[in-house]
Every structure is written in C-alpha cells, then in structure tokens.
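Per TrEMBL, the feature domain 'Glycoside hydrolase family 65 N-terminal' maps to 13-267. The domain 'Glycoside hydrolase family 65 central catalytic' annotation in TrEMBL covers 332-694. Feature annotation from TrEMBL assigns substrate binding site to Trp367, Asp368, Lys606, Gln607. Annotation comment: TrEMBL describes Glu498 as active site, proton donor. Annotation source TrEMBL lists domain 'Glycoside hydrolase family 65 C-terminal' at 703-763.
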Amino acid sequence: MKNYIKHDPWCVVEEGFYPEYNEITESLTSLGNGRMGQRGNFEEHFSGKTLLGNYVAGVFYPDKTRVGWWKNGYPRYFAKVLNACNWIGIDVKIDGETLDLGLCTVSEYSRVLNMKEGILERRFVATLSGGKQVRVHAQRFCSIADDEAGAIRYSVTALNFEGKITLTPFLDGDISNKDSNYGEKFWDEIRKETAFGEAYLEMRTKDTPFKTELFNVCTGMKFDISLNGEIVDFQCKPVKAEKYVACGTELPVKTGDEVVLYKYAVNLASLNHPTDQLLTHAKAYLQRISEKGFDQMKAEQIQAWAERWDKNDIVIEGDSDSRTDAAQQGIRFNIFQLEQTYTGEDDRLNIGPKGFTGEKYGGSTYWDTEAYCLPFYLATADQKVARNLLIYRHKHLQKAIENAANLGFKDGAALYPMVTMTGEECHNEWEITFEEIHRNGAIAYAIYDYIRHTGDEGYLAEYGLEVLIGIARFWAQRVNWSGDKQKYVMLGVTGPNEYENNVNNNFYTNYLAAWCLRYTLEGLNRHKAAVGALLQNIHFDFEVETAKWQHIVDNMYYPYDAERQVYLQQDGFLDKELLTVDDIAEHRPINQKWSWDRILRSCFIKQADVLQGLYFFEEDFDLDTIRRNFDFYEPMTVHESSLSPCVHVILAAKLGYKEKAYEMYLRTSRLDLDDYNNDTEDGLHITSMAGTWMSVIKGFAGMRIRNGALSFSPYLPDQWKGYSFRITFKGQVIRISVTPHHIEVENFSNQSVSFAVDGALIELDANGRKVLEIAQQK
Ligand code: BGC
C-alpha cells in the first residue's frame, strides 16, 4: 500500500513530486466525460515513467489473437480499447532548453484532481540546468457540456530571468498501445492541416482481415496566448511531420512575466460524424468552443458536476480527522470515476473494467457491467442510462446466437461473450471463453434488476424476453441429464471464482441457470400475447420448450454438504485441503506467488462465488443458510479480484458482521487510491467502483427492492458519525441520512413516496421529510 495521496474530502492530491509513482498518479487523476478520457499525463515533455493515454469511446482495434495453443472456437481477434492521438501535448522551452521534469529540479509540486469540479490542476517550480526558474500552473478538463472536447490553461511564469519562452502545442498521432499482441501500431495517418493558431490530424485505424468497422478520428486544436493577462499577437511556426502537427510560438519575457497558453482540442470520431466531414466538423466545433473561451467552458464544467453531485453524492461524517477524509475521498473517487466513464447517452457504449484510464482488459464489456455497475446507474441516474446498458446487449443478441452456434449450440441459443466490443467474443482462454458461462445469467439478471428498480415491466415484452429466451435456450442445451444423479447437471464450467477451472456443477452457475429459466417462464406467461410475433419469428415451440425448461427448473442438481449444511462451490470441493487465508499470509497474492496448478488445487477463492449467488438470490435463502455459507467461504477468499469485497460487505452487513463489513468496505473504496493490488498504474478498477457504492447503499444502508417496494435497514459503521445518500427509485428521488441518533428521510419529488425502514412503512408527502428515532435503528 502506498500512502502518498493526501486525504481530502473532494480532491485527489499528490503533494510533492513522486516520479516513481507517476503512472499510478496518472491513472488516479484521469479525466473523462463518457465520450473521451485522458490519463493524468503531463502536457510538457517528460522523460520519466509515463503511460500516455487518450481514449475515444467506442473506438477500438481488432488485434489478431495471440495464443500458445489454438483451440477450435477461439475468436480471431481481441478488440482493444485504443490509445488515440495525444491532444494535450505542449512542448515548453526556456531559452532553447526543454522543460522536462525528469531532468530539472522540481519544487512546490502538486497535482490535484478536483472531483467536485471535474478539473485537474498541476503546479510546480522547475529549475533548469542553467539555473533559470519557471513557475507552471496547468489546468485542464474533458468538458461535459461539449463532450468531444477538452480545454487546457497552461501558464508559465519566468521567475528569475529575462529571455524567451517557446511554447509548441502539438497533436501527436504516432501512438502505440501498451496492450498490443504483436507490437504493431494501430493508426494510419489520413490527413493533416495547420493554420495560424490551429492544427488538425486525422487518423484511421489500420485495416485488418477481420472486417470490423474502421474508425477515423480527427483531432484538432486551436489556441490563444496571453501575456500578463492580455491576449497577445504571436508568431506561429507550423510544423508537420509524420502523424504529427504543431505550431511553435516564441515570446520574449522579463522576470515576473506570465505567459498563458489556452489550448482547445476536439476528438471527433467517425462513430459520431460522417467520415468525409470530420475535418469540417472539427473546425466548426473548435471555433465554437474557443469563442466560448476557457473561463466559460470551465464555469459550465463546474455547473455540470454540481448537478451530478446533487444526484449521487454520498456524504460521510466522522471526526474531522484524516480517517473520515479518507473514507469520504474513497467513496467520492469511486462515484466520480463511474460518472466520468459512462453517461448513458449512447447505447453503443459500455463500461470497460478500466474505463478510460488504461488499456488492460482490452475490450469494453464484461459481466461486470450487469452484475456490478447497473445498480449504481439505476439508483443515481435517469432511467434511460440503465436502459441503454440493456439495449446494448439486446443489440448484440444476434452475435450472441452466432457465438453459441460456433460452439455447437443451436435453435437460437445465445451465449453472450466474456468480453466484447461489438457483440463478438474476444476472450481467448478456453477455461474462460467456453466455460465461464455464468456471464450469460448476469445479463438476464440485469433485466430483472432493471425492471424491479424502475417498474418498467413493458421492457420485457419490448426487448427483454427476446434476450431471455436466447439465454434460456442456451442453458437448456448446456445442462445434461445425469442418470446417476437423476438430476440435471452442468459439466465443465468456470464459476466467478477463476481459481477453479473446468469444474462440474458449480453451484452458482447451476442456480443462476435454473433461475434464468424460471424467470423467462414467468415473463413468458405474463406477456405471451404481447410477444406472439416474436415467438413466431424465432420458431418458439411453446409447449415443448417451456415444458423442458420447467423440468430443468424442478430437477436441477445443487452440490450440498449435509454435514456442514453449506452449498458446495462445485462437485468435489470437500476433497480439498480446507485452509484459511490466515494459513497462507506470506504467500499472498497467490496469483503472483503460486503456480497455476497449485492455485487450482487449493481451496482458495479469487472472488465471491457461492456467495455471489446468495447475494443475487438472497430472498431464496434464510439467514442461517447465508451465515453458514459466509462463515465457510469467506475465510478461504483471497479477494484477488477487485469485484470480490463488495459482495462480502453486503452479506456481512446483513449478517451483522460490522467489523468484517467495514474491513471489506475500506478495501474496495480505497483500492486504487492506496494501490492495494499494486496495479493501479495499469488503470483504475472502474467496474468494481460500483461495488463500493453498493457496499454503502446495499451494505450499510441495507437497500433492497422486494415485490416492487423499496426498503432500507440502515446502520452506522462504528467508524462514522453519519452518512447520507440519494436514491432515484421509479423516477422519484429520496434522501436518507443516518446518524447515531436518528434516521432522516426526505422526499425530493413532487409526488408522495412510500418505502420501508427497518420494516416500518414510511410515507412521505411531496417534498416531505421525517425524522425516525433511534429505536428504529439496528
Ligand atoms: C475477474 C472477472 C472480471 C474481470 C474484469 C477478472 O479478474 O475475475 O470476474 O470480469 O476481471 O474485471
């Protein structure tokens, strides 16, 4: 764990220069607006450790698959999140010497991501080799109001010399992906243009045999310069090189002069604009935002973030010490990053495990979206945001059917990919690609989750059932009847715990499959008439298919140990040596210290597996069953997936294991800020951030939706003095504040709302407020 990030309730603060941690800080200070994202890289040249990253949402490259041993059914390419043209770059020279924090003496350094405003600032004093000193203050943001644009204010003050400051804002399209299978570059230059104070570079993704969409991205910049607060005329020397455009400017300065460069940039993708008009659109876009100017854009940015925080902030109160600031910073950091990654405006986009903060994990969409992220967007954003996540999968249904067909399934069975951009499978490790099929169930579960939260039952007939039937058909073909057990079994799977591969009867997968069949049957019975045309189109044999599904539901096999009264993660689990994580303290993380076979043979669990099932289907199990399973599995869980701790917080909170819940909460909320897993430099764990939010809302506050009704059973972690949050439910917004003495509930909508707190029904008039006494707390 690294503790160099200062605790602060609203900001991520690097105080003092930590070049050795630069890639970590770059991840932590990433900016995004749903359309584009930018790591916290320096504008000026830096010869030290850095991972440059600018990502344009939805733009990818199909990188030819690389595997040790080819297996039938492997996908031909892995669609990679694509590192695009560097739009932030500004080369700075002081009397000819390049400003490079890797080579000069740096003092008074700070890099601060202001999460309240969505603005990144950097300040420092640099002493160059000849002793000349400059003070630099850089500010930038990815605009929410103009979501294909970013703006930079870069100020240089001459502290102790008279001479020349050369500022060369540039666009560099000669970018490599760190994550590349064959070390190739993925971009071709299409055109470039320079003019006074502006420049454009249009790049296109390289053609491949895979026939996926090619993307053009036109990056443009326009800039102004001011001297001591006044916009000035300047000489501009255009530079053009391969995949590179720049404009060199030189200003004479006296001691104390401040030169400011305002750089406006756009990244327009052919995904959103006609390819032949990218350049024209880029020029018009830049003209518009540069006329608006930096200050106006910044004011709009602050306003946009204020509106977001109004809807989704979680406020934590405690002693006014650093511990409270750490908790507050943790939760806000998670919310901030989720908001930066996905806005729900576009149903072609999704939420990558690293969002716009790094390249690891390649493609954009995993089961993480449905299993972890959806609840956050359901409860903090307009209904269309979550709906678009569902529509995204609906649009990929045909690909999921093709994917299943490639693996030998038939008659419209759908297997959604483990990882994808376009709906096509990209993952290529057989034990995951072919076997980690539980992801299919998460997509069905998300439909259920969406409907119970929004009440949009119509979604089932409109889109949901089509997806559910495809998924149900898959499960019906994937199980087989065991003559021995006289039950349906599912062989050769990998559960959420990827530290077990190719197991038989993974409890979670079997349970989820049966649930999918049951839920689809229920939906079909409710909406049979409305989906008549669909059923005809997909040749649905109602009698035969539904009878088969019901038979599976009634006869599914679930491995169970009668002595311990726990569900078994899979057949044979009890043959393992049953140790606890305390027994292997010095061996952790086992994924870095043990051979793979040793991991597979061990009892150690990467992430919630049986417990994931008990979390999803909590209503189906009594508290004692949940407790026994938690007590059995949690001590064997190493949480080497960032998705793991949150499920444990939610269950531990339900079981009254407050210390455990808080321990796990800290682990998820500050995972990246404290670099717990030593991998923040690769990018942030965006999808698990929604788990942090769930830990508070579903964990400490006990939010549940049962039979269409909202309920809470909140408690206050001992470490806090209070917390409050807002929830959007069926279009209405309520706020819950929990303190040691009371729970305050407020209705922010113009209609009355009702919900339960600790089993008692609360009815609030429009804009009403009530204070519930402590007796009603746990
Ligand atoms: C986890 C998966 C997850 C993936 C992407 C893996 O380490 O085991 O459950 O989907 O990361 O976040």
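Keep in mind that glycine also has a Cβ here, set from the backbone N, Cα and C atoms.
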What is the maximum Cα to Cα distance, in Å and rounded to a whole number, among the residues Trp367, Asp368, Lys606, Gln607 annotated as binding substrate? 16
Give the sequence-ordered list of residues that share a chain with Gln607 (substrate binding site), lie 6 or more positions from it, and have CB atoms under 8 Å from its CB. Pro496, Asn497, Glu498, Thr637, His639, Glu640, Ser641, Leu643, Ser644, Val647
In the same chain, outside Trp367, Asp368, Lys606, Gln607, whose C-beta lies within 8 angstroms of the Cβ mean position for the substrate site? Tyr366, Ala371, Pro496, Glu498, Ser641, Leu643, Ser644
Among all the protein chains here, how many other CB atoms are within 10 A of the CB of Trp367 (substrate binding site)? 23
Site of maximum Cβ density within 10 Å, from recorded positions Asp368, Glu498: Asp368
Close in space but at least six residues away in sequence, with Cβ under 8 Å from that of Lys606 (substrate binding site), the same-chain residues are Pro496, Asn497, Glu498, Tyr499, Asn591, Thr637, Val638, His639, Glu640, Ser641, Ser644
What does DSSP say about the residue listed as 'active site, proton donor': helix, strand or coil? coil
Can you work out the mean pLDDT of the predicted model over the domain 'Glycoside hydrolase family 65 C-terminal' (703-763)? 95
Trp367 (substrate binding site) - helix vs strand vs coil (DSSP): coil
